[in-house]
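Notes to accompany the following structure.
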Amino acid sequence: MADGEEPEKKRRRIEELLAEKMAVDGGCGDTGDWEGRWNHVKKFLERSGPFTHPDFEPSTESLQFLLDTCKVLVIGAGGLGCELLKNLALSGFRQIHVIDMDTIDVSNLNRQFLFRPKDVGRPKAEVAAEFLNDRVPNCNVVPHFNKIQDFNDTFYRQFHIIVCGLDSIIARRWINGMLISLLNYEDGVLDPSSIVPLIDGGTEGFKGNARVILPGMTACIECTLELYPPQVNFPMCTIASMPRLPEHCIEYVRMLQWPKEQPFGDGVPLDGDDPEHIQWIFQKSIERASQYNIRGVTYRLTQGVVKRIIPAVASTNAVIAAVCATEVFKIATSAYIPLNNYLVFNDVDGLYTYTFEAERKENCPACSQLPQNIQFSPSAKLQEVLDYLTNSASLQMKSPAITATLEGKNRTLYLQSVTSIEERTRPNLSKTLKELGLVDGQELAVADVTTPQTVLFKLHFT
């Protein structure tokens with residue numbers, strides 16, 4: 001038999017053995033459940049123990065809810081997402097949706113084990129769903145090759161639990177805002193049935209974290225925004241005149257030489273996924289590094305700097321995904337008390353974990369339900385307000401659009417996401433708040449890419 005036929009022969013043999021096992025054990029027809037398949041889960045759900053929830057009553061209903069009803073959304077099908085999907089599918093979750101806007105790159109294959117070389121270039125969500133649907137009997141994984149912003153509140157409301165394996169703080173903040181917008185209040189009291197729990201995991205090298213967020217009840221992403229480190233940027237003066245690191249050379253080529261030379265035609269943007277673009281940046285970076293006797297510029301480093309790649313270690317992904325999947329299981333079954341509410345993991349020097357309770361901020365712009373108070377002089381310019389919204393550690397907005405109600409009409413003071421409106425409202429940035437007609441106690445509505453909700457600010461003059 002040819003070597004190419006050997007894997008197919010093994011696959012058929014495995015299917016035959018599985019069919020024989022189901023027949024011997026008393027298989028359940030076309031349901032895909034053979035006797036003993038869920039014994040490992042039943043041990044947690046059909047008997048009590050010292051760590052079970054005080055209100056938990058062992059029964060078969062929890063397992064049936066897991067198998068037949070519970071619907072989970074996984075956001076991200078990368079290194080963490082692959083581990084999450086595998087863990088959830090093997091834990092009994094059968095109604096799984098996965099969202100990912102990326103396609104598979106060769107560099108993903110060393111740790112994102114649901115993908116194979118033949119899958120390079122295909123959407124991660126679709127390939128991950130195909131793999132699990134084929135490998136795990138009766139598991140139904142529905143892929144969405146989209147951005148999370150492509151879906152409305154009706155889509156997110158259908159899920160019992162949402163778990164994230166993202167590498168983007170903006171995306172985290174957006175889904176956090178979406179889940180908060182789903183909350184219902186009656187006479188100021190939160191309706192618990194409107195809560196969609198969010199389990200969030202993140203990794204960087206040998207470090208990671210996992211957290212449980214119950215929107216409206218526990219600290220949300222915005223409550224602890226200061227915990228996220230700012231993106232590493234190098235001073236332009238250093239990049240241009242005094243480079244000392246390989247990264248300085250790469251950033252110089254990316255930020256200055258590429259726009260100036262436009263090597264692939266006028267207006268062609270740099271694409272971090274295009275090997276030709278990366279190769280050009282790599283060669284030019286080597287040339288600049290040689291001028292300053294700097295060593296260490298490699299193709300891989302070039303790609304990492306251009307794409308802002310976060311270093312990934314497979315074992316860290318496995319640990320954090322296991323924590324997240326365990327929390328999903330605990331919340332879905334109510335068998336155990338969930339994490340309260342933030343866990344950090346460090347595997348740099350030995351093994352270290354620490355759990356603490358992140359506290360809600362009374363004036364959180366996302367979950368407090370209160371307008372945010374800001375103080376400025378009447379002579380302050382609108383540009384100063386814009387700078388505050390983008391530079392404040394507790395806000396960190398990216399492209400805020402500011403509107404206000406003036407003389408009974410809703411007026412856009414500044415909006416930069418639409419070119420024509422940005423040009424029309426740009427002169428407002430140099431005007432004072434008094435010149436714009438704003439008064440003490442004025443409410444400003446601010447929209448931003450970091451949240452699907454409009455954030456209200458109350459302006460107080462000093």
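Including glycine, each Cβ sits where the backbone N, Cα and C put it.
What Swiss-Prot records for Cys237 is active site, glycyl thioester intermediate. Annotation source Swiss-Prot lists ATP binding site at 100-124, 148-171. According to Swiss-Prot, the feature N-acetylalanine maps to Ala2, an assignment based on similarity to another entry. What Swiss-Prot lists as region 'Interaction with UBE2M N-terminus' is 53-70, 157-161, 192-217, 331-338. Residues or ranges marked as region 'Interaction with NAE1' in Swiss-Prot: 242-248, 292-295. The region 'Interaction with NEDD8' feature in Swiss-Prot is assigned to 352-357. The region 'Interaction with UBE2M core domain' annotation in Swiss-Prot covers 368-462. Under the heading site 'Determines specificity for NEDD8', Swiss-Prot lists Arg211.
The average pLDDT computed over the region 'Interaction with NAE1' (242-248) stands at 90.
Considering only the recorded positions Leu114, Cys237, the Cβ with the fewest other Cβ atoms within 10 Å is that of Cys237. Each of the binding-site residues Gly121, Gly165 was assessed for Cβ neighbours inside 10 Å, and the highest tally belongs to Gly165. Gln158 (ATP binding site) sits 22 Å from Arg211 (site 'Determines specificity for NEDD8'), taking the C-alpha atoms as the reference points. Long-range contacts of the region 'Interaction with NAE1' (292-295) within the same chain, counting only residues at least 6 positions beyond its ends with a Cβ under 8 Å from a Cβ of the stretch, are 243-246, 248-249.
Comparison of 53-70, 157-161, 192-217, 242-248, 368-462 by number of C-beta pairs under 8 angstroms to the region 'Interaction with UBE2M N-terminus' (331-338) places 53-70 first. Cβ neighbours of Phe151 (ATP binding site) (same chain, under 8 Å, six or more residues apart in sequence): Ile99, His144. Here the region 'Interaction with UBE2M N-terminus' (192-217) has Cβ contacts under 8 Å with residues 79-80, 84, 156-157, 159-167, 172, 175-176, 179-180, 182-184, 310-313, 316-317, 319-321, 323-324, 327-328, 331, 338-348, 358, 367 of the same chain, all six or more residues outside its ends. Residue counts of the region 'Interaction with UBE2M N-terminus' (331-338) by helix, strand and coil are 3 helix, 1 strand, 4 coil (DSSP-based). Counting residues 6+ beyond its ends, the region 'Interaction with NAE1' (242-248) has Cβ neighbours under 8 Å at 234, 285, 288-289, 292, 294-298, 301, 305 in the same chain.
Nearest to the residue listed as 'active site, glycyl thioester intermediate' in space, judged by Cα atoms and limited to the recorded positions Ser107, Leu114, Arg211, is Ser107. Around Asp100 (ATP binding site), the C-beta neighbours below 8 angstroms that are at least 6 residues distant in the chain are Ile75, Gly76, Ala77, Gly78, Gly81, Pro123, Lys124, Ala125, Ala128, Pro143, His144, Phe145.
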